[in-house]
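Report on the structure given below.
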Amino acid sequence: MSTANATATTESTAPQQGGVRFTSAAANYIDDRTKVSAAVKEFGRKIFPDHWSFLLGEVALYSFVVILLSGTFLTLFFQASMAEVHYNGSYVPLKGMEMSVAMASTLDISFDIRGGLLMRQVHHWAALLFVASIGLHMLRIFFTGAFRKPRELNWVIGFVLFILAMAEGFTGYSLPDDLLSGNGLRIIDGIVKGIPLVGTWLSFLVFGGEFPGTDIVGRLYAMHIMLLPALVLVFIALHLVFVVVHKHTQFPGAGRTNNNVVGFPVLPVYAAKAGGFFFIVFGVIVTIASLFTINPVWNYGPYDPSPVSAGTQPDWYIGFADGALRLVPPHWETEWFGGTWSWNILAPLIVIGIFIVLVMVYPFIEAWITGDKREHHLLDRPRNAPTRTAIGAAGVTFYAAMWAGASSDLVATHFQMSMEGVIHALQFALIVGPFIAYFITKRICLGLQKKDRSIALHGYESGRIVRMQGGEYIEVHKPVSDYERWELVSFEEYKPLVLRPNDEGKITFGNRLRTVFSRWFFQDRVAPVTQGEIEAEGHNHH
Amino acid sequence: MAQDAKNGSTDAVVAASGAGHADDGLSAGTAVIPADAIPNPGHPPHRKRVTDTNPKKEKRAERTVFTLFFLSIIGSIGAIAAYIAFPIENGNHEMVRMSTLFVGLGMALALFGIGVAAIHWGKALMNDKEGIDERHPVRGDDATREEAAEIFHLANEESGFGRRTLIRNSLIGALVAFPLPGVVLLRSLAPHDQDPVALLKETMWDKGVRLTRDPSGTPIKASDVTIGSVFHVIPEGLNELEHDKLNAKAKAIVLLMRLKPEDLIEDENRKGWSYDGIVAYSKVCTHVGCPVALYEQQTHHLLCPCHQSQFDVTRHCEVIFGPAKRPLPQLPITVNDEGYLVAQSDFTEPVGPSFWERLS
């Protein structure tokens, strides 16, 4: 942070034209009162590296801004009350029907307030994009190893943001008090009731009495527009402060080292690109919102405990949890010690809980295994960390099996399979799938590394076959340039830890465990090409 | 993590000497520091863009940028025009559609114009020479750390935080305890005049309550129920409830089906609960409470659309697939002297999802 380019913002004292004179006078005025020049000096020419995948986090940030803007519009018209009214708006099919004020005001926003439907759809699509981009951003961070020291804490902060985003999504989804959202709440009620000992009481606490009661929408609303957004803002601020403190990571490349950042300065290029990108994200959301209907609550009707439609599904980001509930085999419930243990609810909760915690603490686990205390600012190409990449693929498979579970019935009807068959296949995919994904991914990574190695040593296959004088056919390889080769060879290799007694001559359990993990991680590996090998190759190859 | 830190430093010696690395003094763990690594070839030479070399292309890029900004203005004006052009008159959905579509597209054009123009400006016309920043370790430098340590030391001295341990510990205790009242206050969210267990164990059904159609509330005669048909049922009087109608409905909803009597495989002690092949079961799934609304006439299977639990109506709705544990509770029914279907009593067990005190 301390290396600001002093070349920035030196104000010229030469005679100036009108526009410039006004700008510099305004800048002077503001600086005299805020010392903003210090910030400009510090950050004005701060360098940001370029890569398309770095935009994923920006998409998340920008869609959150869109959510705030459209959400503010909606709060001006939405009424979070479950008082029963007879709908008397302009949507004829529901006219005269009994429904909550929340549902009625949602219909008013959709049909009687100009631009209301557009804003509802902007809000919903932006929310979907928000969660999706956070997910992809996390995958980018994971697969490139960007979570390593010094960024472990920022991984945890980002992870909390992901959970908060899902909570925001769910609380918002439930607000219109339509049939679908009511059924979603019914499932939450069932899950809460399945918690041992306190579940019944907790359910009454959340719903203010029996399900559905008349309180839940107002309570969710308070969460949705006050507490959760405030937390999201705090964590985003923290997240970004860390990005500034750490500076951005960069992919390895010629001229790039662990001790520099190569890219474009904030002023003007990065500001233009990032600022422009905000408008593009906003534009994409508004385009989708104006062309594609989402959450047409008027088709579902107000919540009523009795009706339900086939193909009932949650919003996609909560699908993994709903799918996990579906993948439980029949009869998982026991009566022990005078209480009801609903394993058909607890098992999915526990499995998801463990999965979530493992994802959250993964940076610390990997740091423990490698024992590497240095800072890492150069990203790994996924292939150059085969075990991590394979673990990621296994995790994605595990998540995907649960996620697909939420649509098991639609999969069955659309592909004309038996519903039971789909569930059994997904149960298999949940348990065995991650192992298959792990092995395939690891092999692919090692294969790609070997290919890289061969290119670095022998160059590219040119496709040109030459017959030698002795009758031998060879394919001519074109050597890579130094710059290209650097991208192939500049990665770190870790060796498995050798089990040795510590200073006191003891072998601790922790060390033993670490050795096992270390062997698992680094047993199979491909070492980067060395200078010696290149030279030896040079001699062989005339 | 202190333990791990120790482990880490020991095997730095084992696996890598770490000599000559930039982060001197920090363990490289099991990372291999190669002796003859290929050297970094340094920054590749800068390549100029067409807009740098061809003034015509530069002019064109300039034109593109300001044209896009003008398009953005047109989009904004268009959105306002669309807002005015498509007023929403009562019940006119076509107008809602047009308003959403054209206000939205106008706004999108306004946004895209600015976005694309700014990025194009940045990429094609602004200086594209890459800059380089030096990185420094994130930790504060030694002098700063010493000063910070000194400040803490002074604060500790002056406050006696380390010395007066009783004060310190009582402070920690108080800080841990102080948020608890706030949490306890949330207890007010739960109703204090209700017994959840009793409420969950009873529904509106009672001896002699007529079975009526959902949602109209018209009573059902046994003769209305043909073989293979299914009725969605609520107790008579539900629609007239003043308060908590949905609460009552959420528990009391029932499915009524008529099977051929020979298809029914009934328990001895439940023989009298059906009437001439007509059976009534709670519609609330015993998994997490969704309505079990899908009836497969041929197989007599009931399916819950939320999580795909399946219940076999011929065998007292026992679970044959999916995550549910318990069969759907059966409502004992009979016929009154006017031929209407009525309940013999309330359900004999709690309906809906499991809860801790279900049995006790």
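Using N, Cα and C of the backbone, Cβ positions are placed for all residues, glycine too.
Bear in mind that TrEMBL entries carry predicted annotations, made automatically and left uncurated.
Residues or ranges marked as domain 'Cytochrome b/b6 N-terminal region profile' by TrEMBL: A:26-252.
Annotation source TrEMBL lists transmembrane segment at A:59-78 (among others).
TrEMBL lists A:124-143 (among others) with the feature transmembrane segment.
Long-range contacts of the transmembrane segment (A:155-175) within the same chain, counting only residues at least 6 positions beyond its ends with a Cβ under 8 Å from a Cβ of the stretch, are 78, 80, 102, 106, 123, 127, 130-131, 134-135, 137-138, 141, 147, 181, 184-185, 216-217, 220-221, 223-224, 228-229, 231-232, 235-236, 238-239, 242, 295, 314-315, 317-318, 356, 359-360, 362-363. Look at TrEMBL and you will find A:155-175 (among others) tagged as transmembrane segment.
Residues 1, 43, 46, 61, 64, 68, 71, 75, 78, 80, 151, 153-154, 157-158, 160-161, 164-165, 167-168, 171-172, 175 of the same chain lie 6+ residues outside the transmembrane segment (A:221-245) yet bring a C-beta within less than 8 angstroms of a C-beta in it. Feature annotation from TrEMBL assigns transmembrane segment to A:221-245 (among others).
Taken from TrEMBL, the feature transmembrane segment applies to A:277-298 (among others).
The transmembrane segment annotation in TrEMBL covers A:345-365 (among others). Long-range neighbours of the transmembrane segment (A:345-365) within the same chain, counting only residues 6 or more positions beyond its ends whose Cβ lies under 8 Å from a Cβ of the stretch, are 142, 147-148, 151-152, 155-156, 159, 163, 190-191, 194-196, 320-321, 324-325, 327-328, 332, 395, 398-399, 402, 517.
Nonlocal intrachain contacts for the transmembrane segment (A:385-402), taken as residues 6+ away from its ends with a CB within less than 8 angstroms of a stretch CB, comprise 139, 142-143, 145, 319-321, 323-324, 327, 352, 355, 359, 366, 426, 429-430, 433-442, 445-446, 449, 520-522, 524-525. The annotation transmembrane segment is assigned in TrEMBL to A:385-402 (among others).
The transmembrane segment annotation in TrEMBL covers A:422-441 (among others).
Outside the transmembrane segment (A:59-78) by six or more residues, the chain places 102, 105-106, 108-109, 113, 115-116, 119-120, 122-123, 126-127, 129-130, 133-134, 137, 175, 221, 225, 229, 232, 236, 240, 277-278, 281-282, 285 with a CB less than 8 A from a CB of the stretch.
Below 8 angstroms of C-beta separation, residues 53-54, 56-57, 59-60, 63-64, 66-67, 70, 155, 158-159, 161-162, 165-166, 168-169, 172, 281, 284-285, 288-289, 292, 294-295, 315-317, 362, 382, 388-389, 392, 396 of the same chain, each at least six residues beyond the ends of the transmembrane segment (A:124-143), sit close to that stretch. Across the domain 'Cytochrome b/b6 N-terminal region profile' (A:26-252), the model assigns an average pLDDT of 95.
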